[in-house]
Amino acid sequence: MSKYILAVDEGTTSARALVFDEDLNVISIAQTELTQYFPRPGYVEQNPEEIFEKQVSMIKKAVEKAKIEISQVSAIGIANQRETTIMWDSRSGRPVYNAVVWQDRRTSDITDWLKSNYLNLFKSKTGLIPDPYFSASKIKWILDNVPGVREKAERGEIKFGTVDTYLIWKLTNGKVHVTDYSNASRTMLFNIKKLEWDRDILEILEIPEAILPEVRSSSEVYGYAEPVGNIPISGDAGDQQAALFGQLGFSKGDVKCTYGTGSFILMNSGEEIYDSKDLLTTIAWKIGKDVKYALEGSIFTTGAAVQWVRDGLGLVSSSDEIESLASSVVDNGGVYFVPAFSGLGSPYWDPYARGLIIGISRGTSRGHIARAVLESIAYQVRDVIEVIKKDVGKEFVNVLKVDGGVSKNNLLMQFQADILGIRIVRPRVIETTSMGASMLAGLAVDYWSSLEELKSKWAVDREFIPSLQEDRRERLYKGWKEAVRRTIGWAREVETME
């Protein structure tokens, strides 16, 4: 009887489960949308119980669609939206508050204070720049603002987890409270040099260490999924680190970009921890005793900008239509779009930037707006690649591997090659986040024997070669940089006018 690996891909907007065979073919996909709540400007929340219930439902549905028995699944690997913060009562198992999503900006005041007083400490210990993006300030906000939670936490009655931790805890019926090194490194509480929770930071933020999960490797058996046949849960990684693994980014210098709700560029930096002023240093994964680090640029709004064109502007009826609309014009017509809906991430790190469309004339059409939106994605990726080249050397970034749903857009991928001036490689299976989770799970239970075996099963779908002349490339990019300059600090400036 054939055996399979199941990936849980718990994203920002959907709960997904995928079944892979030993040749890394996707046998089935089950997916359902998750509800997001926006109770106040800057707030983004989800219901943790909805996340769990829908994820279990998708596991069962993926197995059913694959026309296999649950007993044929050798292991489960989890990849999750990172930083999103869940806290729950350890006795009842009930969340004490909604999940505070990584996009949430309510804690800007806390992180401004941390930046002003402890920037170098946080950067040197965690590799991260204080920002509402990460879990630490979200935890502090819940402890300080939800009645009774701090008192319960002090008594050891509260547990914290990123989404992977919560899912594993629920799947194991409360038996296992763990996370992996990649997810721990995104909390802004984890010392990436000492590989432990940092007590100095916990003291600054007044966070009890007892609420934190045990940190384990990214590929080992953590426990068994009781609601779905007691399958071993043996892979765990943050979604972007999982995607780097799924792109075979095993060697120093390997770079990938995942185009999803946001876009995330990771470069495997091996065992070296780079001190970058504008990028994040994070843990890619730990397998056995081997810890790999990565440089990361985090772009908050890319695929979400395409959704805005569909839902907010009504220019297209489906996200797929944006490519044909953007292709109806030969260029952007001088229009630039900066999608700073919730601030700007790497390399600007400005929570007060706000969105902008500039360069509009009477000749501007729907096509120009659509094209400017797509081009904004590529420009933001170049912003990050420029900093990587500056930090580690130009010789490291000659090829960019791409994945995620938005990478199916051929117009965008060609423009990405053009604006970077390097080759873009899209794999046959763009579900690399799920594939990476499957690989980590499969390696732990000897479903696959080695990284070399995995390399032999990976294939390319298409390569995009740059065709834009360098002077044109640089003129376009200069226009983008000027547009970004005009968005910086906008929300703060407006506040001072009131």
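Keep in mind that glycine also has a Cβ here, set from the backbone N, Cα and C atoms.
These figures come from a predicted structure and were not determined experimentally.
Copied over from Swiss-Prot:
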- Thr12, Arg16, Thr261, Gly303, Gly405, Asn409: ADP binding site (BINDING)
- Thr12, Thr13, Ser14, Thr261, Gly303, Gln307, Gly405: ATP binding site (BINDING)
- Thr12, Arg82, Glu83, Tyr133, Asp239: sn-glycerol 3-phosphate binding site (BINDING)
- Arg82, Glu83, Tyr133, Asp239, Gln240: glycerol binding site (BINDING)
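Swiss-Prot feature annotations superimposed on the structure.
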| residue | record | Cβ contacts under 8 Å, 6 or more apart |
| --- | --- | --- |
| Thr13 | ATP binding site | Glu33, Leu34, Gln36, Thr261 |
| Ser14 | ATP binding site | Gln31, Thr32, Glu33, Leu34 |
| Arg16 | ADP binding site | Val8, Asp9, Glu10, Ile29, Ala30, Gln31, Met58, Ser434 |
| Arg82 | sn-glycerol 3-phosphate binding site | Trp102, Thr162, Ser182, Asn183, Arg186, Gly238, Asp239, Gln240 |
| Glu83 | sn-glycerol 3-phosphate binding site | Trp102, Tyr133, Phe134, Ser135, Lys138, Thr162, Arg186, Thr187 |
| Gln307 | ATP binding site | Ser319 |
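Residues within less than 8 Å, Cβ to Cβ, of Thr12 (ADP binding site) and separated from it by at least 6 positions along the same chain comprise Leu34, Gln36, Gln81, Thr84, Val101, Trp102, Gln103, Gly260, Thr261. Across the binding-site residues listed here (Gln240, Thr261, Asn409), the residue whose Cβ sits among the most other Cβ atoms within 10 Å is Gln240. Every protein chain shown contributes to the tally, and the Cβ of Tyr133 (sn-glycerol 3-phosphate binding site) ends up with 28 other Cβ atoms within 10 Å.
The Cβ of Gly405 (ADP binding site) lies under 8 Å from the Cβ of Tyr259, Gly260, Gly303, Ile430, each of these being in the same chain and 6 or more residues away along the sequence. The glycerol site in the record is lined by Arg82, Glu83, Tyr133, Asp239, Gln240, and its two most distant CA atoms lie 15 Å apart. Under the DSSP three-state reduction, Gln240 (glycerol binding site) is assigned to helix. Neighbour counts of Cβ atoms within 10 Å were taken for the binding-site residues Asp239, Gly303; the minimum is at Gly303.
Listed in sequence order, the residues Gln81, Thr84, Trp102, Arg186, Gly238, Phe264, Ser298 complete the 8 Å Cβ shell around the glycerol site centroid, once Arg82, Glu83, Tyr133, Asp239, Gln240 themselves are left out. Of the chain residues outside the ATP site list Thr12, Thr13, Ser14, Thr261, Gly303, Gln307, Gly405, Gly11, Gly260, Ala304 have their Cβ within 8 Å of the site's Cβ mean position. In the three-state DSSP scheme, Gly405 (ADP binding site) falls into the helix class. The record assigns Thr12, Arg82, Glu83, Tyr133, Asp239 to the sn-glycerol 3-phosphate site; their largest pairwise CA distance measures 15 Å.
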